[in-house]
Amino acid sequence: MTAHANERISDVSPSARGSSSESKYDKLCRVLFFIAITKSSFTPEHILYKHSIFTDKPILADIVTFMYAAFVSIGWFLIWGERAYRTQEMGQPPMYSNINYHLLSFKKRHPKKFTCALWLVFFLAYTVLTVLIWLVQLIFRKGNVFQMLLQLIILDIAIALVNVAIAFTFEIYLSQKAAIEIRDEGLNNLDTA
């Protein structure tokens, strides 16, 4: 390679190059975490309904399964938050640009209502996701196999839809936050000039 080509390559910022600066280990860890959380939320944990500690004390089983569902839901929030943040850092445009424009105008008119509504959506999504995962964990306590499989499929579809809503909300949250910060920086630069 010539010196001119090396100079042109070094001028490209890491965000413009994409995720090439990310190590293979980081990618592998992220994929393994995604697989573990997906498995934990879409399939029941056998130990929670077969171990004698949980079969003898159903109240303990309910508490442990609810705590398990809460931690798995936190894992989903970590996945979608990190993915939205990484997308924003790479400089990719938001997927929902028209919706973001309307939300940005709403945020300009009512900033406190917008923030409150967004956090309410996060809380409701977390609550619904936790309850759905909890129901998946409790599904094998019933006897009818066909009914259990049908309920499992319905609950898995509901979990997937809630995850789409969470991903969408994180993207809106981060893109609106970035749009406001960029606009504020532009106004500050005009004031100093």
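Positions of Cβ are set from backbone N, Cα and C atoms, glycine also.
Judged by membrane topology as recorded in Swiss-Prot, Asn144 sits across the membrane from Phe170. Long-range neighbours of the transmembrane segment (148-168) within the same chain, counting only residues 6 or more positions beyond its ends whose Cβ lies under 8 Å from a Cβ of the stretch, are 41-42, 44, 76-77, 80, 83-84, 96, 121-122, 125, 128-129, 132-133, 135-136, 139-140, 142. Same-chain neighbours of the transmembrane segment (120-140): 40-45, 48-49, 62, 65-66, 68-70, 72-73, 76-77, 148, 151-152, 155-156, 158-159, 162-163, 165-166, 169, 173, counting only residues six or more beyond its ends whose CB sits under 8 Å from a CB of the stretch. Across the topological domain 'Cytoplasmic' (169-193), the model assigns an average pLDDT of 59.
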